[in-house]
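K.L.:
Below are the features I grabbed from TrEMBL:
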ACT_SITE  TYR28  active site, proton acceptor
ACT_SITE  HIS109  active site, proton donor
BINDING   ASN83, HIS89, ASP96, LEU110, SER111, ARG120  substrate binding site
SITE      ARG23  site 'Transition state stabilizer'
Amino acid sequence: MTIQTTKKVALINGPNLHLLGIREPAIYGSVTLTDITNRLTSQAISHGIELIAYQSNHEGAIVDFIGECGLLSSDPVDGVIINPGAYTHTSVAIRDALSAMDKPFIEVHLSNIHSREPFRSHSYLSDKAVGVICGLGDMGYTMAMDWFIKHLN
């Protein structure tokens, strides 16, 4: 059995989030995913936490990643920050993978999904998450990491 010395948090971003800063900046802002990842990495390191960042446009790849850093890992992550993008509204598979992982996760959205098109107000993940942050732009990611810093230390 491996004894984990460093706490780990996975940062998972779903479809189109690699286009942050370019795609619809009026909705999603001008900050890039690289900017967000770098900021969270620094924030995590300063508190002795390792951040494992991942982005994919493919549902199955996200499910695989969740399994690889969860149930299939000999050194699983301690929690997940996830912006599932459009999969928020469609993916039972991501919901099931996160549930099987049995680790706390926080769902983050840059925009307020409840003030947009009606189909965006439903999330398949929210009822399983320890928290949901939406509408606060890229600061939502920082707030999610703040929660893990307090929860894991």
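Every residue, even glycine, has its Cβ placed from backbone N, Cα and C.
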K.L.:
Should ASP96 (substrate binding site) be counted as helix, strand, or coil on the basis of DSSP?
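P.N.:
For ASP96 (substrate binding site) - judged by DSSP and reduced to three states - the answer is helix.
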K.L.:
State the three-class DSSP label for ASN83 (substrate binding site), counting H, G and I as helix, E and B as strand, and everything else as coil.
P.N.:
strand
K.L.:
Could you check the binding-site residues ASN83, SER111 and say which one's CB has the fewest neighbouring CB atoms inside 10 Å?
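P.N.:
Counting other Cβ atoms within 10 Å of each of the binding-site residues ASN83, SER111, the minimum falls on SER111.
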K.L.:
What is the maximum Cα to Cα distance, in Å and rounded to a whole number, among the residues ASN83, HIS89, ASP96, LEU110, SER111, ARG120 annotated as binding substrate?
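P.N.:
Answer in Å: the longest Cα-Cα distance is 24.
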K.L.:
How big is the gap, in Å, between the Cα of ARG23 (site 'Transition state stabilizer') and that of SER111 (substrate binding site), rounded to a whole number?
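P.N.:
About 13 Å separate the Cα atoms of these two residues.
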K.L.:
Within 10 Å of the Cβ of ARG23 (site 'Transition state stabilizer'), how many other Cβ atoms can be counted across all chains shown?
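P.N.:
There are 11 of them.
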K.L.:
Give the sequence-ordered list of residues that share a chain with LEU110 (substrate binding site), lie 6 or more positions from it, and have CB atoms under 8 Å from its CB.
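P.N.:
Looking at Cβ-Cβ distances below 8 Å from LEU110 (substrate binding site), excluding near sequence neighbours, one finds LEU20, ILE27, TYR28, GLY29, ASN83, CYS134, GLY135, LEU136, GLY137, ASP138, GLY140.
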K.L.:
Return the count of C-beta atoms lying within 10 angstroms of the C-beta of HIS109 (active site, proton donor), excluding that atom itself.
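P.N.:
22, counting other Cβ atoms within 10 Å of HIS109 (active site, proton donor).
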K.L.:
Give the distance between the Cα atoms of ASP96 (substrate binding site) and HIS109 (active site, proton donor), rounded to the nearest whole Å.
P.N.:
19
K.L.:
Is it possible to get the count of other C-beta atoms within 10 angstroms of the C-beta of ASP96 (substrate binding site)?
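P.N.:
Around ASP96 (substrate binding site), other Cβ atoms within 10 Å: 14.
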